[in-house]
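Notes to accompany the following structure.
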Amino acid sequence: MDFLVLFLLYLALVLLGFVMICLASKTHYLQGLISRGAQIFSYIIPECLQRAMLRVLHYLFHTRNYTFVILHLILQGMVYTEYTWEIFGLCQQLEFSLYYLFLPYLLLIVNLVFFTLSCVTDPGTITKANELLFLQVYEFDEVMFPKNVRCPTCDLRKPARSKHCSVCNRCVHRFDHHCVWVNNCVGAWNTRYFLSYLLTLTASAATMAVVSTVFLVRLVVMSDVYLQTYVDDLGHLQVVDTVFLVQYLFLTFPRIVFLVGFVVVLSFLLGGYLCFSLYLAAINQTTNEWHKGSQAWCQRCPHTARPPAAEPQAYRNIHSHGLWSNLREIFLPATARYERKKK
């Protein structure tokens, strides 16, 4: 089978898996299919192996650890090592602009700064000392965030838009989600750093994809390969097409072509998640609120089984006050202003 067909099949499977994971978290039907699939596998896989897998999964996704932080840095290091080792030097020989070539390194430095800040910054941990302060920040909507609710684990009153993170074992103000890649919760005090980290990571992947693609295109143009012909498996003379060019480049520069494919896929995935995160920031909604709001909407669906008396109240986002006010709230958290006034 041709390399391009295999690569497209691989890309389709990766994207399909990503979409299925996203849909499974929202669709009860898919959750049921996954549950039944897990039951079938439980009869095939030995019980000792199942326990070992569960322990590994629990450690990776339900405890704070640096596994994904280290994996993130290793992958980033491998990508930039390949870029430096092959693409940077060859592009210099082809007289690419140095500003153009150094842009991925500049984005890397900025990205690592925001990555570190996302990892080490307190996301807004609620304690006895600041409990009353956080209770004054956001209004209770009495649907998703009712008044006078206490966290059963922390034994603290839960401010509006807060949530207890089972991984970090703490209540977080304006909780968005727990990110395993930064080994930290994303909350009121570090959402700005996380968005900046995500933006620069997407930009660095896209920039590297553009530089590498332009390099390969220039090589093809300079070598005049696209003007030549070849004999196919049936002995017919064929004009060089895109499939042949991709396979030719893969055989000539396998690591560079693989790098291009990786950063292109990464750019699309990160770009999609970045757009989603920016959309939530623009309407002043967290991932946790979006997820709960979607569940509430699903409960109102007539096909969903529920007790007749349990008619859910409609969720309405009461915290959105316009684009600029919403962005200012993220990049200048309200609690920081309250603390300055208190001092």
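Each Cβ is built from the backbone N, Cα and C atoms, and glycine gets one as well.
TrEMBL does not curate its annotations; it predicts them automatically.
Annotated domain 'Palmitoyltransferase DHHC' per TrEMBL: 150-292, in sequence order.
What TrEMBL records for 66-85 (among others) is transmembrane segment.
The transmembrane segment annotation in TrEMBL covers 97-117 (among others).
Residues annotated as transmembrane segment in TrEMBL: 197-221 (among others).
TrEMBL lists 256-282 (among others) with the feature transmembrane segment.
Using a Cβ-Cβ cut-off under 8 Å and counting only residues 6 or more beyond its ends in the same chain, the transmembrane segment (256-282) has close neighbours at 7, 11, 14-15, 18, 79, 82-83, 86-87, 191, 195, 198-199, 201-202, 205-206, 208-209, 212-213, 215-216, 246, 249-250, 290, 323, 326-327, 330.
Beyond the ends of the transmembrane segment (97-117), by six or more residues, the same chain brings 72, 76, 80, 83, 88, 91, 182, 190, 193-194, 196-197, 200-201, 203-204, 207-208, 211 to within a C-beta distance below 8 angstroms of the stretch.
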